[in-house]
């Protein structure tokens, strides 16, 4: 037990009553995750008696006190593990975060200009992360907000449900690529920045900057733009380094309490893997649906064994191609590993697991347009193996219509008391080109209830206003 978690209770007994003094040396972050609450609601009065003395004037009253110390050892917060998903058979519209509906606000209430939003959850709260350009709307710093990488970008967060304004946002670190996750005790934040030829991964655990990882291919080292995944105190992060139009081999970093303890080098179909969206299929396996920006419209699919710390990559075999741009579904001939055509370019895709006692559901998102970042549709496949199943995925509803932007999407899970709620988030970009501001809203859909997905999402933002 760490010294910081020791609570010392000193009880002073006096002839006139009781004084309780509680010395708490645990940190606030620890107390937030403790299930123990100390309450003192009853009064204690020391007993008194009447003294009959023959000569009362010679009696001297002496106050004596006794001190008794009791030490309470409170348990550490638990490491998190994946649990069964909460019950449900369909996703519904849960939340829209559309900051620029409040674009008339100025000063600290102005919405930040952001892109690449994602959500990560701990036992008690979820955080909405994004990469900001260190600018707000309205404002005078719109130039450059369409760039992917520059010296001003930062990883920021707000509590999920808050609008990412200047005053609401926490700035975690300088970064033009990011990730974050909670191990059950503390947050791990990941940020990447630096020149394209020598970028650097930085790790922050709680409030401390703890470790770094250097570029290994000297070609835009970057991470997944969605939540990393933790089990038993170990957090797994996908990274890649290489050409956007050629070879870019990924790795996984195993991180514990902010320190890199192992590198994992995947085998298999490793030519190009980036922007993976990952989650737990079980307590043994992390699965990721990723982006190949160079060769194929199929998604590279990773299986990482957390018991052996080994990973393998193969292409998804389904005839429902999930990247954008993409060819017609079912048009790629040959074995599952065939790349097909229209493989140049791509987009990060949403992916989340529905873990059930007797089966597993894998939920995916893809744009409705085959060529543009417009619209977003939800798909599901129960059981089977994504490496070998060639069947089409089942469409499960429209989250964003063809009239609205559908850019990056991602998966995450909200912690309920006894189960985990799978969700998919969608980045809806306001693309003002290079002459004005360029930012995003976030739409969130979660597993809840039964029936059909009922309603799509609009941002409600008119950039001309």
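Using the three backbone atoms N, Cα and C, a Cβ is placed for every residue, glycine included.
Copied over from Swiss-Prot, here are the features:
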TOPO_DOM  1-11  topological domain 'Intravirion'
TRANSMEM  12-34  transmembrane segment
REGION    13-35  region 'Involved in apical transport and lipid raft association'
TOPO_DOM  35-465  topological domain 'Virion surface'
DISULFID  86-419  disulfide bond
DISULFID  121-126  disulfide bond
DISULFID  181-228  disulfide bond
DISULFID  230-235  disulfide bond
DISULFID  276-290  disulfide bond
DISULFID  278-288  disulfide bond
DISULFID  317-336  disulfide bond
DISULFID  423-446  disulfide bond
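Positions of the features from Swiss-Prot, shown on the structure.
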| residue | record | contacts (Cβ under 8 Å, 6+ apart) |
| --- | --- | --- |
| 86 | disulfide bond | 416, 419, 420, 421, 447 |
| 181 | disulfide bond | 120, 187, 188, 227, 228, 229, 230, 235, 237 |
| 276 | disulfide bond | 224, 226, 238, 250, 288, 289, 290, 291, 300, 302 |
| 278 | disulfide bond | 224, 226, 227, 228, 229, 236, 238, 286, 287, 288, 302, 304, 351 |
| 336 | disulfide bond | 314, 315, 316, 317, 387, 388, 390 |
| 446 | disulfide bond | 91, 92, 94, 414, 421, 422, 423, 424 |
Sparsest-packed among the disulfide-bonded residues, when each Cβ's other Cβ atoms within 10 Å are tallied, from 121, 230, 235
121
Including all protein chains shown, what's the count of other C-beta atoms within 10 A of the C-beta of residue 288 (disulfide bond)?
28
Sparsest-packed of the listed disulfide-bonded residues (228, 290, 419) - C-beta count within 10 angstroms
419
Around the Cβ of residue 423 (disulfide bond), how many other Cβ atoms lie within 10 Å? Please give the count over every shown protein chain.
24
In the predicted model, what is the mean pLDDT computed over the topological domain 'Intravirion' (1-11)?
36
Can you tell me how many other Cβ atoms are located within 10 Å of the Cβ belonging to residue 126 (disulfide bond)?
21
Taking the Cβ of residue 317 (disulfide bond) as the centre, count every other Cβ atom within 10 Å, in any protein chain shown.
19
